[in-house]
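Asker: Take this structure first; my questions come after.
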Amino acid sequence: GQRQQVGRVPLYPGHIPTSPLQKALLAAGSACVALWDPYRHDMVAVLGETTGCLALPKLRDRMRNDPEGYRILQERPRIRLSTLDMARLRGLPDGTLGREYVRFLEDNKVSPDTRMPAKFVDDEELAYVIQRYREVHDLMHTLLGMPTNMLGEVVVKWFEAVQTGLPMCVLGAAFGPIRLNARKLQVLATELVPWAVRSGRNASCVLNVYYEQRWEQSVESLREEIGIFPPPAVRV
Amino acid sequence: MAAGLCPGRALLSRRGGALWALLGPARGLAAGPETHFGFQNVSEAERREKIYQVFENVAEKYDVMNDSMSLGIHRVWKDILVHKMNPSPGTLLVDVAGGTGDIAFRFLNYVRSVRERQLQQKLRHQQNLSWQEISKSYQEEKSNPLGDSQVVVCDINREMLKAGKQKAQHLGYSEGLSWVLGNAEELPFDDDKFDVYTIAFGIRNVTRIDLALQEAYRVLKPGGRFLCLEFSHVSNPLLSRLYDLYSFQVIPVLGEVIAGDWKSYQYLVESIRRFPPQEELKAMVEDAGFLRVDYQNLNSGIVAIHSGFKL
């Protein structure tokens, strides 16, 4: 006979309702594949969504309790190429958030549009929270001064793990270093991780910053405001 | 697509062709009667479109996914189908919805080995051949290893055909094999052409199964055989529950993790549930005119092979 697989309806465009068993299988499967092939960004995304059920509500509450964060939850800004005025940002003075962000995108040949939309989060507001986290990730790179190579990504993951508590960040921070050579591991352990952790602890919640309204602000002043310490002078 | 290959039939076709294009927005209800896409209800035109997209998406990872989902057992099912067919050299086979060529390659392997055995037998029975006659026999084997057997792989989806052709090249199959873009509901072949018609894990995706069966009857020679390998219904209640659990809980997850495509594999398991069970399909095959129709369950009905003859 015919049977609806899960008696739930999609809560937002792209939502795929899943049973607890499916979430567990997805979490396990995506963890294995992400470890095997870190360039399977879709699997990293799925891992984040299926394991974030405790951390995401906490993150959402932190946003609700902050005036700027609350506004972000109300207005739901999205960082996409179609909404960014790239020409204007490029024209901003060096050292401003907007200018450095565009420089980061161009240097590393990445685009904000490659972020996967949330699929397996069973709450429409939490789906936005994880979406916002993903879209803000590139800005994290900019604020921390880290490139998108393996070492840079691991450092950002450590920072994000402390900041958000998302299991996917914790796993990425813990297992990412497996693929690094001894020299990089040393730099990571002695300089980069301690700084990332200290900054993560000291900083206010990075999701409570309305970046789209701060393009003109200098990166340094924004770092100070949030509480991120200046990055160590090592080559990453 | 089939309309393009048989221009004479296009205007008369009930579904495709210029006539429908002219009707355009006036179509509305005329987009076709209601049918299903997995557990959704859609029009026939929508269903065809959606299924085309599914196979366009899965084409590249089709074989990997088959192995993962069935734990490799699909290979055994396909072997059984070809063994049941037991083709002799000289057979002309059309494999409809043949996509990546699994049945076609097995067919070619089978007739090749039968032919080798035939030639060996022939040699053994003629004890006092001259050296010239023996070497001529070897040449015969080399020049005609398939014994004039041929298989035409027909599929509606370009991406699947592409994947199949690449696989054929990779595995070294070239002789006796051709690839044709075509619709099972309207085959681009003449009447009474083939000895055997197979459709393996394809008929489930056809929107009008009755038309596909009629077409199968039409293109087969008198005496020709119809063989259909397809997912069917499990009657054993315990096995059925385990099978449902596996299908609905695990398979879409495999689709997401391996191919990054949950929806296509969700469609797959739903379409299996929507497909007619063994007896109903048998009746449909008989309705198309086939005789001596029978079916064989594999793995307690997870899969069934239906067979019929045009007599």
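Backbone N, Cα and C atoms are what each Cβ position is placed from, and that goes for glycine too.
What TrEMBL says about a protein is an automatic prediction, not a curated fact.
As annotated by TrEMBL, Zn(2+) binding site applies to A:His137, A:Asp138, A:His141, A:Glu153.
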Asker: Other Cβ atoms within 10 Å is the metric here; tell me which of the binding-site residues A:His137, A:His141 scores highest.
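Answerer: The largest 10 Å Cβ neighbour count belongs to A:His141.
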Asker: With the cut-off set at 10 Å between Cβ atoms, which of these binding-site residues ends up with the most neighbours? Options: A:Asp138, A:Glu153.
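Answerer: Per the Cβ count within 10 Å, the most buried is A:Asp138.
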Asker: Take the mean position of the Cβ atoms of A:His137, A:Asp138, A:His141, A:Glu153, the recorded Zn(2+) site. Which other residues of that chain put their Cβ within 8 Å of it?
Answerer: A:Val110, A:Leu139, A:Met140, A:Met146, A:Thr148, A:Gly152, A:Val156
Asker: Determine, from DSSP, whether A:His137 (Zn(2+) binding site) sits in helix, strand or coil.
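Answerer: Assignment for A:His137 (Zn(2+) binding site) reads helix.
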